[in-house]
Amino acid sequence: MSKILKIQYLKLYNVISCFLWMSVLLRTGLIWGITKDTAVVFHETNTLVRWVQTLAIAEVFHSIFGLVSSSPLTTIIQVASRLYLVWGVCYPFSYVIEGSPIYLSMIIAWSITEIIRYAFYAFNLNGDIPAFLTWLRYNTFLILYPIGAGSEFLLVLKSRIAAQYVWSLNKLLWPILMSIYPPGLYIMYTHMLAQRRKISKRAAARRT
């Protein structure tokens with residue numbers, strides 16, 4: 001793939017992904033604003049969120065085949081954990097998840113994070129990142145990541161409780177997932193902290 005074609009493809013991917021997550025956030029906000037009912041929000045957004053998140057599988061291949069500089073390990077951890085949430089928790093255990101405000105907090109945290117991330121990547125490919133977007137990218141995760149990760153963990157816990165009463169693959173996967181999940185979250189958070197320090201050093205160097 002030529003460099004120009006690669007850049008154009010990645011721009012298109014990031015712009016589309018940004019707008020898809022904007023649609024998730026807008027839909028979530030509108031439905032919650034009208035109904036104030038988390039069950040309605042879940043039923044009206046669950047399918048959209050599931051497929052928008054599934055699209056991120058492409059990012060694993062982007063990293064593996066060198067289209068982007070992201071580490072395949074961190075990309076796989078991030079995408080796999082999200083896919084587990086949408087397909088392994090929210091989909092089969094919708095009857096447990098639908099009334100929980102935790103789902104709402106998770107989707108809001110995910111949406112804002114992804115809108116900022118994809119917009120940042122798109123502008124970066126264009127060679128001109130607005131300063132405010134750089135600030136958002138490397139500061140909002142300090143709040144949004146714990147909210148999102150905490151919500152994810154609580155939803156996984158709710159599904160685990162429900163899985164006790166029915167046969168579920170979650171029963172078999174639970175010990176493995178719980179041994180991988182905490183270190184995976186730690187790796188992702190410390191990776192972002194390292195990126196934040198790197199950007200801060202660059203900004204300080206430009207000012208001197």
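Glycine too: its Cβ is placed from the backbone N, Cα and C atoms.
Going by the topological domain names that Swiss-Prot assigns, Asn126 and Ile199 belong to one and the same side of the membrane.
By the Cβ criterion (under 8 Å, sequence separation of 6 or more), the transmembrane segment (103-123) is not in contact with the transmembrane segment (172-192), since fewer than 3 such pairs are found.
Working note on the active-site residues Tyr145, Glu152: by count of other C-beta atoms within 10 Å of each C-beta, Glu152 ranks first. Counting Cβ pairs under 8 Å to the transmembrane segment (79-97), the stretch among 12-35, 47-67, 135-157, 172-192 with the most such contacts is 47-67.
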